[in-house]
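Presented below is the structure to which this report refers.
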């Protein structure tokens, strides 16, 4: 995709975070009253500097790994597979959280404009998650065509808000609201005060989430991919600083604090635009749209990340398969299920979800930059010292931020992520070991020749039907001097057994007939018990082949009308050693 579309798809998450990043800072600082607006600008400035540090670091990742998945690749290659798994687990969790937080925040923008919809916020959020899932299952290029334009409406609407707000405030037309001075703020101890500032900083760091999506999605760019991705990355950084910084400055000037049931951007827009007029509703609509589309960043980036993990054997390989639209269907569907679960569990509350957010992203930032430092010092290309310095600063800064976020948000929910990440890493390693063990066991190297000296063919048969006759013919085609064929009838009454015997004699079928009694009318259990007893008598080189006659219905719903005895029998027998299972299907012609 070209750069304008890529900016809309991959940068929506980071751009849209300005709609709630400032609000998360002020939610913590609100306890300080008027003092909140004194400390908001320096906190916002620190976050802006941190953003550019991360962007400079990720520029190196994109140039080094233009095939995508840069953070994962560099960690795995230069720090070891465990660190690669940590990044993979961190990003998978944060992609799911990106959808949940963005959709919930977009829903909050809608309910701020239309408060009567607040009781239905969970249902609204679920609707938008399902809508994005359907759009992405149709393919990313089609999604890009549909979703490329709304983010620009948000950018221009926010710029209009900031420019109008600056003009009105500087011309004396916009007056700051009265916020009472909190007397207890002056009595707070130094440690408590620092703790509050750190918590506010941690909340505002959500403004940096989404930067990694560009590095992970480089394969989706047009050629030259890395140059286009870097251009989009710096464009994202510039816009994020302008929008986030402008919103924070306006909040400080006109003294707006978060309120229950209405977002900070909604309050600022109502004051700046002079009420709930056309411009107010345009901004709210644009905010809701980009927040909802920010989730599309995760839908675009996460399946690529999952496919990379799957191709290397850390998660089930079905996540590396593309559907008929050439998208990773399984990854998209799993994201949908995970995001809906979080929305329902946390009642689509942004403030409840945010504490889980950003921990994994900053952990991935830190490990990726540390891996790049090792890479530069190992390969020593031209200019490696400068590059190592850039990534070293990035790793150090983001590492400190990771500790700050994890500690300040721990009790608020970050502990869930700190448990989930190592748990996922353990699962990744178990899956990798399983695939490695299977590959080693299936390898033909040093495999002794396999000889079958005798084949005992068993045909389960309830009556002499067309499927049964087909199974008998198939058994005859396999027979030789080292093969014996036995018909096994599980009988619930002597009459049915005798009737089958007569039919076999009538058709002059002289294979051995074994009657297995089943007084309780059970079919599979007695048959399996018979095989177990026969298996105990097998000698070296002898096998049992069970030929299962079964019919196949014309339509899928006819399939539900039958007992599926053949399917259940095959499923049970496939778990047994020394048992070969063959199915002889008879396709029904009746509608």
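Cβ from N, Cα, C; glycine included.
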Annotated stretch (transmembrane segment, per TrEMBL) among the listed ranges 326-348, 441-463: 326-348
Annotated transmembrane segment segment (source TrEMBL; candidates 15-36, 37-58): 37-58
Segment-segment contact (the transmembrane segment (232-258); the transmembrane segment (278-305)) at 3 or more Cβ pairs under 8 Å: no
Cβ-based contact of the transmembrane segment (354-376) with the transmembrane segment (152-170), 3 or more pairs under 8 Å: no
Long-range environment of the transmembrane segment (326-348) - Cβ separation under 8 angstroms, sequence gap at least 6: 95-97, 99-100, 103-104, 107-108, 121-122, 124-126, 129-130, 133, 136-140, 295, 298-299, 302-304, 306-307, 318-320
Ranked first among 120-140, 152-170, 190-211, 412-428 for CB pairs under 8 angstroms with the transmembrane segment (278-305): 152-170
Close approaches to the transmembrane segment (190-211) from elsewhere in its chain (Cβ under 8 angstroms; 6 or more beyond its ends): 10-15, 17-18, 20-22, 24-29, 31-32, 39, 43-44, 46-47, 50-51, 54-55, 58, 94, 98, 101, 233, 236-237, 240, 244, 294, 297, 354, 357-358, 361-362, 401, 404-405, 407-409
Within-chain partners of the transmembrane segment (152-170) [C-beta distance under 8 Å, separation at least 6 from its ends]: 8, 15-16, 18, 239, 242-243, 246-247, 249-250, 253-254, 265, 268-269, 272-273, 279, 282-283, 285-287, 289-290
